[in-house]
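Everything on this sheet refers to the single structure shown next.
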Amino acid sequence: MGAASGCRWPWPPLLPLLLMLLLPPPPLPVALALDSALQPGNFTADEAGAEDFAQSFNSSSEQVLFQSTAASWAHDTNITEENARRQEEAALISQEFSEVWGQKAKALYDPIWQNFTSRTLRRIIGVVRTLGSANLSPAKRQQYNSLLSNMTRIYSTAKVCFPNKTATCWSLDPELTNILATSRSYTLLLYAWEGWHNAAGIPLKPLYQDFTALSNEAYKQDGFSDTGAYWRSLYDSPTFTEDLERLYHQLEPLYLNLHAYVRRALHRQYGDRFINLRGPIPAHLLGNMWAQSWNNIYDMVVPFPGKPSLDVTSAMVQKGWNVTHMFRVAEEFFTSLGLLPMPPEFWAESMLEKPSDGREVVCHASAWDFYNRKDFRIKQCTQVTMDQLSTVHHEMGHVQYYLQYKDQHVSLRRGANPGFHEAIGDVLALSVSTPAHLHKIGLLDHVTSDWESDINYLLKMALEKIAFLPFGYLVDQWRWGVFSGRTPPLYNYDWWYLRTKYQGVCPPVVRNETHFDAGAKYHVPNVTPYIRYFVSFILQFQFHQALCKEAGHQGPLHQCDIYQSTRAGAKLRAVLQAGSSRPWQEVLKDMVGSGALDAQPLLDYFQPVTQWLEEQNQRSGDILGWPEYQWRPPMPDNYPEGIDLVSDEAEASKFVEEYDRRSQVVLNEYAEANWDYNTNITAEGSKRVLEKSTQMANHTVKYGIWARKFDVANIQNFTLKRMIKKIQDLERAALPFKELEEYNQILLDMETAYSVASVCHANSTCLQLEPDLTNLMATSRSYEELLWAWKGWRDKVGRAILPYFPKYVELTNKAARLNGYEDGGDAWRAAYEMPFLEQELEQLFQELQPLYLNLHAYVRRALHHHYGPEHINLEGPIPAHLLGNMWAQTWSNIYDLVVPFPSASKMDASEAMINQGWTPQRMFKEADNFFTSLGLLPVPPEFWNKSMLEKPTDGREVVCHASAWDFFNGKDFRIKQCTTVNMEDLVVAHHEMGHIQYFMQYKDLPVTFREGANPGFHEAIGDVLALSVSTPKHLRSINLLKSEDDGYEEDINFLMKMALDKVAFVPFSYLVDQWRWRVFDRSITKENYNQEWWSLRLKYQGLCPPVARSQGDFDPGAKFHIPSSVPYIRYFVSFIIQFQFHEALCQAAGHKGPLHKCDIYQSKEAGRRLADAMKLGLSKPWPEAMQLITGQPNVSASAMMTYFKPLLDWLVTENGRHGEKLGWPQYNWTPNSARLEGSFAGTGRVNFLGLNLEEQQARVGQWVLLFLGVTLLVATMGLTQRLFSIRHQILRRTHRGPQFGSEVELRHS
């Protein structure tokens, strides 16, 4: 609200309001004598003498007012001590002038002036005789002036500084104003609001109390009960306060509906925590420091966002509008009505922009009358915005008023009442803001005239006009209470009582009587009456309606534009030229036909949006008002440190769009470099990988740091919040550059050591892991040959990786801590978004343990039968090299040794595949066919052209570990696999194709969401299909199994084969990250890496090393995922949920019968469920994806137990028949190959459980194992009882399993 000079009255009592000293006042000047020429002469004490008195006063007053105004202008446009001193000198002269002329008027005319026949003369004498502060003694007058100066200085120089910093401080204009207008960060808005109210308000309170006492003392001498009574007298109505209350209540329903609608929109933005739909709105969220107008949050509340924007700020900037042009456009509007142009002095002397020469100025927009009938100016720190364009018209309205009444007596050069002066410019702004007018002046390309556009426009106007009404009403309600003595000493309590009562807003932080929040509003310390604005907001719509009628407008009032109507201009001119020479009621009646303030034109103007708001609020079930009026919002987290965080969702959307666009390029280049290296291991390829890793890290850091500028806690859009939280995690890129380079090099060196390693015979024949050692471990039944391969691989790979691993752990932990996690394990577990992940996983493991222990006991007996008692102890752990796999993670390769019914039909399709000439490509074509049979997507041409489906024969070194690749361009997806034509690799092919299908289903999501719902989901999809592929029914359908036998023995054989793959894997997949998590949290140190590894393998798998291992060995490093830093618990999760998926999809496919016989091939309904879940990617929490597939959101082992129920029953019977002991009570047994007699000569070391340890380590180990043994014995006894009852239990039961988050590596293993 422009409230400065344009709203100052020229009569003496308010001349002190011109004192705006922004610097500490200089020493009080010596008393200045008023020039004798300005002293009143001798006049007769009658009406004729009074006429002469008024004429003489007019000429003298113009001189004094010009000098005083010029001094104030000089100070406000260049705040210096010298200008402050000159301003105060001029103010003192003005007060002395007021005193001598006022006292003269009282002495001569007090008995008779109210009986003068001239109404105009009565009005002039009435003004002159009211002295105001000039009634005070000279000492109190100086005290009064000093209080005004200091209050103005405190307000004008107050600043809010950034927390813990002094360099970054914000002034109200433009910094804090812009923050309140544009920020959507709850915490930043709070800091700006609280900072300003503290900085400006608190120091003012004692000064305002003293000012109030002096002001009341002065006006009581003029016959008023207090200052408020004088202010109200300017409206010359005995029922003024009652009229105002009537008007307010007439408008209140419209405000309440607007309030409820806006509150609902703010609730969408800030959520339940900060917005109570039954309470007041926190006062800092409405786009304005005082919540007096809400148009700055229009973007948050716009009814129909698809309609063209009505904020033409961007058009003004694009068209090159500057500040001068804005004022020329406003001037042209006035002249188009036949009103006066601005005089040359206006353009020569006004300050229309904030000076760039370093001067301190008072930026508050104001219009100035220099009382010489030619010099009129505006002071405004204008910015090129639509909002400021309205302010320009408002201020120029004041100047037009000055121009029109400049020939009136100086005492009558004011508005008909104070509200008139504020209304004139705003009347024109009502026309200027219409889409039709904006089109006329080239700021809107098209005028969209439809109902939705009208509602948008009217709501935008309501945010400015209706939202202001209660604030415009309450400010002086509070001050009148202060002046009357009703409010003190509870200034702040009453201020917030009124603001809650009328506005429905509340303070966002605790406020008390040490605060003085009313003082944070310009008009309070600058002693500018405020009820004028409430009056003006009523009047301007009365004026607008009358002028539109005069202009011949037809149609809704809100569409009227009086531009170029000279008839409207003539009517307006009559009001302006009258000044205050006539009662305002007469002037108003001449203008609108009625002499009373009337809210009906305002209600008519907003009628369409009023009805729309009522309907919206009823539809939303919103409560009008704030019944929970005592509610206050909580303090935000991380306040005030997090104030610079951004919660503006529009800005956040732009950020994630840019991140997504750039990420696709960077990730594609990173994937290509890694692919080239993995399919051709060379030094040049290694160098390129490191370059792209650095590029990727830089990208991650750049956007991660940018993402950390967003306040995700206060972003309400779920998708935005989820994306930004993920981008904020810099992962390894959080490391300093040198350490990041070192980290990347360590990973590359470890992975290279793993990938190129080979084990050589004495004759120099060397075997690589793929396919040589893998085939040997799968097919050999020679104890010694298996031992050679097992030991050779670990000696070659593990020992090579060990030197790198401690540093890798250190850097992984450092990166995790830099990302806000406790250690690397904590960071990995965070992907599952579960506070009790470890406990939930343990529960799942315990549910599956009976199945594993029975399988372990059965397989151990079979191995005992094959290898004999010297190699197998029926009550001890199994040597780890005998289970058909380098890591004993799956045992399906020893199926021939453990087959329950050897005479039953064989189900291994490997031989048929070879005999039928299957190739690796044929295997993947078959997998692709399975997916398409479900109605899922076929792989694109790029897949067949670019994948590496076989180990190259050209001598290239490659990483053979099977993996699926997403190149992040929406069309390039590949698999890298050294495929062997056998049944096992056919299953692997389906597993990897499951990853590819997942990639294709979520390819249109933002990059951030192109991951599985949780890491286990991505691993499970292909395996779900493999459960069908493995069934005899499906193998027959693809001609890989000819036998039609499908009896009990075949069922048990099939389930045994599946259990060797699925059940045997459960403890290994569980323990790998149990070990790593403990390494990361330092409960396992580098001195006992290997010892703890084998402790866990013994505890969970019941395995022991076949040869003595020492701490110089590093057997975990012999598993791909350890040197490659790939989290492993995902596989444990995937092996459980794949059975849940299988069970649900089988139901969808209409399968009847045992779960293990289900084949979902060609079921479109099963495919639809899978596709719906995969399309979500990571965009929703994983329970939602689980719900789409299974109909419930939890992870449970029950489906897996159901699947293997027939086998478990058979195993329990078979183990019981042989008297097998479940578990490994002789846990300290080691095979002959691992035994060495006594101590290691000359070393002081001993052999313990196959480990080469210090004697003290061995002693500790013995005690630990004794404790484990007792525990295991108790557990075994309990387990035996449980197993006898388990056959009679219904395994289908609801289980509230863990709820996982997700994160996918670039390569899926």
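Every residue gets a Cβ built from N, Cα and C, even glycine.
Each of Cys7, Cys161 is a candidate, yet Swiss-Prot gives the disulfide link of Cys169 to Cys161. In Swiss-Prot, the Zn(2+) 2 site is described by His991, His995, and among Glu1011, Glu1019 the residue recorded at this site is Glu1019. Among the recorded positions listed here, namely Tyr235, His394, His523, Arg532, Arg1130, Arg1130 has its C-alpha nearest to that of Glu1019 (Zn(2+) 2 binding site). Taking every protein chain shown into account, His991, His1121 are the recorded positions, and of these the Cβ with the most other Cβ atoms within 10 Å belongs to His991.
DSSP assigns His523 (active site, proton donor 1) to coil in the three-state reduction, placing it in neither a helix nor a strand. If you compare Cα positions, His991 (Zn(2+) 2 binding site) sits closest to Arg1130 out of the binding-site residues His398, Arg532, Arg1130. Annotation: Glu395, Arg532 are the recorded positions among Glu395, Arg532, Glu992, His995 whose CA atoms are within 10 angstroms of the CA of Glu422 (Zn(2+) 1 binding site). In this model, the domain 'Peptidase M2 1' (44-627) carries an average pLDDT of 94. The Cβ of His398 (Zn(2+) 1 binding site) has 27 neighbouring Cβ atoms from other residues within 10 Å, across all protein chains displayed.
In this structure, His523 is the one among the recorded positions His394, His523, Arg532, His995, Arg1130 with the smallest number of other Cβ atoms inside 10 Å of its Cβ. Rounded to the nearest whole angstrom, the C-alpha distance between His523 (active site, proton donor 1) and His394 (Zn(2+) 1 binding site) is 17. Taken residue by residue with DSSP, His1121 (active site, proton donor 2) is part of neither helix nor strand, so it is coil.
Tyr832 (chloride 3 binding site) has a Cβ environment of 23 other Cβ atoms inside 10 Å.
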